[in-house]
Amino acid sequence: MGQIRSLAELGLTAQGGRQVEITGLSVDSRTVRDGTLFAALPGTRVHGGEFIQYALRMGAAAILTDAIGARIAHEELAASDAALIIAQDPRQTLAYAAALWFGAQPETMIAVTGTNGKTSVATFTRQIWEGLGFEAVNLGTTGVEGAYSAPMTHTTPEPITLHRLLADCESAGVTHAAMEASSHGLAQSRLDGVRLAAAGFTNFTQDHLDYHASFEEYFNAKAGLFARVLPEEGVAVINVDDPRGVDMAEIAADRGQDIITVGRRDGADLRLMAQRFDATGQVLRFDWEGHVHQLRLDLIGGFQAENVLLAAGLAIGAGADAERVFETLPGMKTVRGRMQLAATRENGAAVFVDYAHTPDAVATAIKALRPHVMGRLIAIIGAGGDRDAAKRPLMGQAACENADEVIVTDDNPRSEDPAVIRAAVMQGCPGAQEVGDRALAILRGVDALGPGDALLICGKGHETGQTVGDDVLPFDDVEQASVVVSALDGGLA
Ligand SMILES: CC(=O)N[C@H]1[C@@H](OP(=O)(O)OP(=O)(O)OC[C@H]2O[C@@H](n3ccc(=O)[nH]c3=O)[C@H](O)[C@@H]2O)O[C@H](CO)[C@@H](O)[C@@H]1O[C@H](C)C(=O)N[C@@H](C)C(=O)N[C@H](CCC(=O)O)C(=O)O
Ligand SMILES: Nc1ncnc2c1ncn2[C@@H]1O[C@H](COP(=O)(O)OP(=O)(O)OP(=O)(O)O)[C@@H](O)[C@H]1O
Ligand SMILES: N[C@H](CCC[C@H](N)C(=O)O)C(=O)O
Ligand SMILES: [Mg+2]
């Protein structure tokens with residue numbers, strides 16, 4: 001964007017007090033230009049220090065790294081004019097520098113973490129703000145959505161991309177932003193430069209054990225949102241029905257943050273008292289500060305009510321008036337690919353698409369659909385390649401225990417053999433039908449629906465591609481479901 005900043009303006013101090021002008025920031029040596037500050041970060045495959053020599057050759061004016069990176073490129077650095085900034089945690093230092101480089105971010109921001117429900121809560125928070133008349137966005141797995149839109153490749157992008165997007169939102173007039181804090185994003189300090197008014201916690205169950213060394217490490221990454229990113233004056237909004245919510249609330253209390261607890265348990269500040277389900281939604285009764293409210297949500301699944309209430313808590317925590325927030329709730333719209341009604345058969349049977357891709361989400365999603373359905377419930381599941389392999393049989397088991405019939409299919413095999421992934425899922429559900437081709441699996445599932453039955457297609461939600469090897473083949477569960485329903489029922493979708 002043609003700007004030039006000094007290191008001091010980015011809050012950085014170089015070895016020997018060297019002063020240089022910076023023309024841009026980069027974490028990838030391949031995008032370094034004259035004057036760039038190259039952040040050479042410790043990676044999961046290789047240390048970015050290995051690429052310092054290339055970055056210097058491309059004209060880097062400064063290198064931000066840790067002691068290991070500086071050691072790797074010791075000779076090249078000694079022979080260069082570039083400024084060297086050595087930080088204990090260069091990822092966090094980069095996050096602060098990126099926030100200063102791009103300068104602006106929406107005035108009111110919240111972030112939400114948890115194994116499942118982040119996209120849903122961020123989307124509902126944006127919808128609540130819209131209902132209150134604010135220019136609002138949500139950022140995460142489904143990209144930037146709302147008053148400003150842009151695609152994103154990560155749920156929580158690295159800080160340079162994140163702050164560029166936030167600055168773009170701000171200059172487009174966005175005043176309110178709700179973002180997802182993934183455990184990878186938190187572990188890598190990607191959002192440490194974001195100014196948060198409130199932060200939320202949904203739940204904690206198994207996922208990503210390929211990346212985090214243990215369950216506790218995975219929890220600690222998520223806890224970083226309250227222990228580190230949310231300031232003392234921020235408000236923590238916590239689902240206390242989850243056993244780890246209580247631990248999270250303690251961490252927030254130790255920081256002196258105000259806490260809004262949400263859940264079914266007695267004493268929760270925003271307490272869900274009752275839910276009644278029908279074919280197209282649910283009626284909720286909840287309590288806030290001793291006042292009981294009752295309203296209808298056009299949303300499928302009891303857990304979406306929990307997500308809506310967490311979103312309401314976040315909007316309140318970030319400064320909105322509680323009663324006005326509650327008035328917006330009946331207007332909440334289905335989150336793309338989350339318990340989304342994709343098609344209805346002529347006989348009344350419904351096909352839903354959901355993003356359940358963890359054992360807990362599969363169990364939750366199937367159980368949540370049950371009270372909306374009079375007949376049998378068929379589930380289609382699959383697990384992703386190059387992701388936590390331990391969750392595969394557990395996902396199979398979760399489907400087996402909760403659905404009347406299960407079809408196991410492919411879901412982004414990536415570099416792995418899809419048959420091996422399916423076999424692992426089948427271990428948890430030996431009675432399932434195995435149909436590798438996802439389009440055929442959907443055809444089988446839809447074809448088996450009798451009056452009053454429902455099909456839940458899990459795993460891909462809003463996704464529009466099937467990743468096989470390095471290829472992304474166009475595939476959309478919602479589209480596929482409606483094509484199949486039209487084909488079987490002769491033109492009706
Ligand atoms: C495991 C993980 O999080 N990896 C992320 C991480 O890469 P890394 O540090 O491991 O990269 P590396 O290959 O070891 O390289 C080390 C460093 O050298 C640099 N490099 C590398 C090659 C080169 O020629 N020049 C160069 O400078 C790299 O940019 C990197 O900074 O930092 C990169 C740059 O910021 C990310 O793009 C990359 O995301 C990868 C692609 C990824 O797939 N991440 C997923 C798992 C992820 O982050 N998912 C979460 C949420 C998932 C969920 O909740 O479901 C997300 O927030 O999206
Ligand atoms: N509060 C919840 N409790 C349990 N399961 C949930 C909850 N909310 C959503 N889910 C399940 O998790 C799936 C993914 O939901 P969502 O996309 O909101 O989660 P996420 O945390 O953003 O996921 P990701 O880690 O991929 O970003 C849903 O489709 C549903 O099956
Ligand atoms: N953000 C998640 C999404 C998984 C969705 C599922 N379709 C899969 O590919 O496993 C991940 O990358 O682990
Ligand atoms: Mg998400």
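Placed from the backbone N, Cα and C atoms, the Cβ positions cover glycine too.
Any TrEMBL annotation is an automated prediction that lacks curation.
Between the listed ranges 15-18, 263-266, 411-414, TrEMBL ties the annotation motif 'Meso-diaminopimelate recognition motif' to 411-414.
Site annotation (TrEMBL, ligand meso-2,6-diaminopimelate) includes Asp411, Asn412, Pro413, Arg414, Gly459, Glu463; from Arg387, Arg444, the additional listed residue is Arg387.
Nearest in space to Ser120 (ATP binding site), taking C-alpha to C-alpha distance over the recorded positions Lys222, Arg387, Asn412, Arg414, Glu463, is Glu463. Contact annotation for binding-site residues (Gly114, Arg387, Asp411, Asn412, Gly459) versus ligand 3: Arg387, Asp411, Asn412, Gly459, each with CB under 6 Å from a ligand atom. The meso-2,6-diaminopimelate site is set by Arg387, Asp411, Asn412, Pro413, Arg414, Gly459, Glu463; from the centre of their CB atoms, other residues of the chain with a CB within 8 Å are His357, Gly382, Ala383, Gly384, Gly385, Asp410, Lys460, Gln466, Thr467. Listed in chain order, the extra residues whose Cβ falls within 8 Å of the Cβ center of the ATP site residues Gly114, Thr115, Asn116, Gly117, Lys118, Thr119, Ser120 are Val112, Val121, Glu180, Thr202, Asn203, Asn307.
Within the model, the motif 'Meso-diaminopimelate recognition motif' (411-414) shows a mean pLDDT value of 98, rounded to a whole number. Put simply, of the binding-site residues Arg387, Asp411, Gly459, the one whose Cα is nearest the Cα of Asn116 (ATP binding site) is Gly459. Geometry remark: Arg414 (meso-2,6-diaminopimelate binding site) versus Lys118 (ATP binding site), CA distance 24 Å.
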